[in-house]
Each structure stands twice: as structure tokens, then as C-alpha cells.
Amino acid sequence: RMLISFLLLLLATTCVASVGVGLWVIGNHFLTTDIPAAISHPVRLWVLNCIFQLLITWGMIFEKLRICSMPQFVRFFHDLPPLRKHPDVVVKDLWFGTIPVKLYQPKASASGLRPGIVFYHGGGGILGSLKTHHGICCNLCKKSDAVVLAVGYRMVPKHRFPVIVRDCMVGTIHFLKSLNTYGVDPARVIVCGDSVGGAVATILCQKFVDRSDIPKIRAQILIYSALQALNFQSPSYQQNKNMPLLSQNLAFYCWCGYLDISPSWRSTVLKGAHLPAEVWEKYRKWLGSENIPDKFKKRGYLPVSHEPLNEAAYLETKIILDVINSPLIADDEVVSRLPEACIVSCEYDIVRDDSLLYKKRLEDLGVRVTWHHMEDGFHGVWTTIDMSCFYFPCSSRILDAVAHFIKEL
């Protein structure tokens, strides 16, 4: 009888806690989250972000209780839904050594070799998986009539910088050296990624510029990519700090988690005191807000002066100056030799300006760029392409733009 009473008490406590956490998330969402009027289906986005924030909140609670980390908790739940089957696409789960990959091939026979797309999923280095981006890869395979290889990688909390890039490099090189096996044209291999996956795509392009033992990358496709880890006060960071699905709080959590930097430096970083004045001056020509067209500052932008250097913060955060973390600041000699790019930016995205700045850098150095800006887009919108209840038309427009770019190569 005592055991039954204890179990009932535990159940009641759990129910009360669940209701309390849910109400707190909804209330906090009302007070702090911005849902722009320009977004199609704003209620749908509101509900989607509420669910996402609820998972993060429970993940934080479990992390505080030392049951599991927040990323592990959220990844467990976002990988639960069964994968949708696409009858026109053959999907295979493979391993390239220790790297898990998914291979997507059109079911219809081909008269010749197909383009090959190496895809890297986003998630800030802490979330996302081969499952969350399954819909993107299936649709990309079918729409572009290409072979798609999605590369998995190890993540926080067990694995931090630079594991993501290393894992993706190993998987990509393995694929590049076995293109014949998969019916891929060596002259039409494209790297593609969203968010941090877009960063991986261009980092590998930079790493491969001098490689003669593997086929040359034909093009890079960067979807709302995070391309620099220095500046948290660009116009898009100010305008979109409370936007779904990537807020300033989550962006900073990802930054600290992947780079193993203490969250206590947040206020120092936001004030720009984590880097010396000479570093800011050196990279101003590429990161300065003057490189961003004025129309992207109309929703509000207040230039922030950098405070004096905090030496301790600099010693811990200077890893951000490595081009593996900030490919946007790579040398001209490298960037000028990169393959042509398709860049997609979203208006209501905290890292929107990374795409705008990289677009300008590439164009200034003579690299061809095809750019698409989604006026009603937000960070993570492409992953909704197969979510029937949470589908946003913007995701299909991104797919169409990418598929058209690939077919024109």
C-alpha cells in the first residue's frame, strides 16, 4: 500500500511539474518570442516553436539534474518520428569506416552519370541528425535527379571542436574516391548544407582547393549558413535575437557547447570585449556592417562600439579565429579559388548577415554566386518540407531554387 501511495504521489508530482513547465514555456513564449507578420502561417510557427522550446526546457531540467544533457534529450525526441518513405527514391544506410551515412538514389534508371550531392545537416553542432534532414535529402534527390550522400557526425556533449569537420571530411573523401560505385559524375560533385552544415560545406571547399588526389568540387550550396563566430552584433543578430527557431540564447548555447567555451563570457562577447581592437580592425573589411546593404538595416540596427579587451576572455575564445570556425575570414588567396556558390538567406534569421557578407566576399574575388533571399524565411525552415502539420511553403521554394541551380551546372 505504501508503494502504491508513493507511485501515485510521484505520478501527481510529475503531472504538476509537466503542467507547470508547459505553462511557463507558453507564457515565456508570449513575452519574448517575435512572430513576424510577414511569415506565412504564423500560428503554425508559434506552435512549432512552443514545442521546440518545451523540449529545450525539459532538456535543461534533465541537464541540471545530471540525467542527460539538453542536446541528448532533444535529439532523442526529434529522432522518434518514423521516416517518411518516398517511392521514387532508394535509401540505404551505410558506414564509411566509423562515419554513418545515408545514400539517396533515384529509383529510375539513368542514361548516364548523375550529379552527386554531399549533404551536411545543420543543428548548431548540438542538434539535428540524418533523420531530421531525411525529408530534405529525399526531395533533393528526386527534384534534382542526383545521388545524395548525407554524412552523419558526432556531436556535443561527448564530441566538440573540431570533430564535426573531421568526420564530414572523412565521409566526403571516402565518397569522392568511390564515385563510380554510385554512378556519380566526377565533374559534377556538389557540397551542400544548412546552418552549421553550410559552414562545413564551404570549409571543406577551402580545405580541398589544393587537393589533387580527389575530384574537384563543382559547386557549394549554403542554406542560411553560420559562417563566422566573431561578431554577435550584426544587424541580423540585433533584429532577430528573439526569432524562432534560432534565438540569441540558443545560438550562444551552441557556440559555447561546440567550442567548449564557458557561458559566463556571454556579456563580454556581446560587448565585443573578447577580441583585441587590432583583430576587429583586421576583419572589419569583411565583417563590418558597411558591407551589408542598407535595406537589411531598416528593421533596426544600432552600431555597437567594442569595449576594451578582456584578456581572460580572449585566451578562452580566440579559437573562433580559426577558419574552421569562421570560414568567412579565410584568406583571399583561398576564397578566390573556391567553386561557384548558391547561397540562400532568410530574412528572419539571426545568421542572415553571414550569408550576405560571404556573398559579397565571393563576388568581390570573382567567384560566381547565385543568391536567393527568402523574405518570409526563418532559420530551420527547410527542415519543415516533409512536416505535414508544420510545413511552410518557403521550404519548397528553397528546394526549387537549389534543384534549378544543380540542373544548370
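Cβ coordinates are placed from backbone N, Cα and C, and glycine is handled just like the others.
Curation plays no part in TrEMBL annotations; they are all automatic predictions.
As given in TrEMBL:
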type	residues	note
SIGNAL	1-17	signal peptide
TRANSMEM	41-62	transmembrane segment
DOMAIN	117-260	domain 'Alpha/beta hydrolase fold-3'
ACT_SITE	Ser195	active site
DOMAIN	312-382	domain 'Alpha/beta hydrolase fold-3'
ACT_SITE	Asp349	active site
ACT_SITE	His379	active site
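The CA atom of Asp349 (active site) is located 5 Å away from the CA atom of His379 (active site).
His379 (active site) sits 8 Å from Ser195 (active site), taking the Cα positions as reference. For Ser195 (active site), the count of additional Cβ atoms within 10 Å of its Cβ stands at 28 [all protein chains shown]. This prediction places the mean pLDDT of the domain 'Alpha/beta hydrolase fold-3' (312-382) at 98. Under DSSP, residues within the domain 'Alpha/beta hydrolase fold-3' (117-260) fall into helix, strand and coil as 59 helix, 25 strand, 60 coil.
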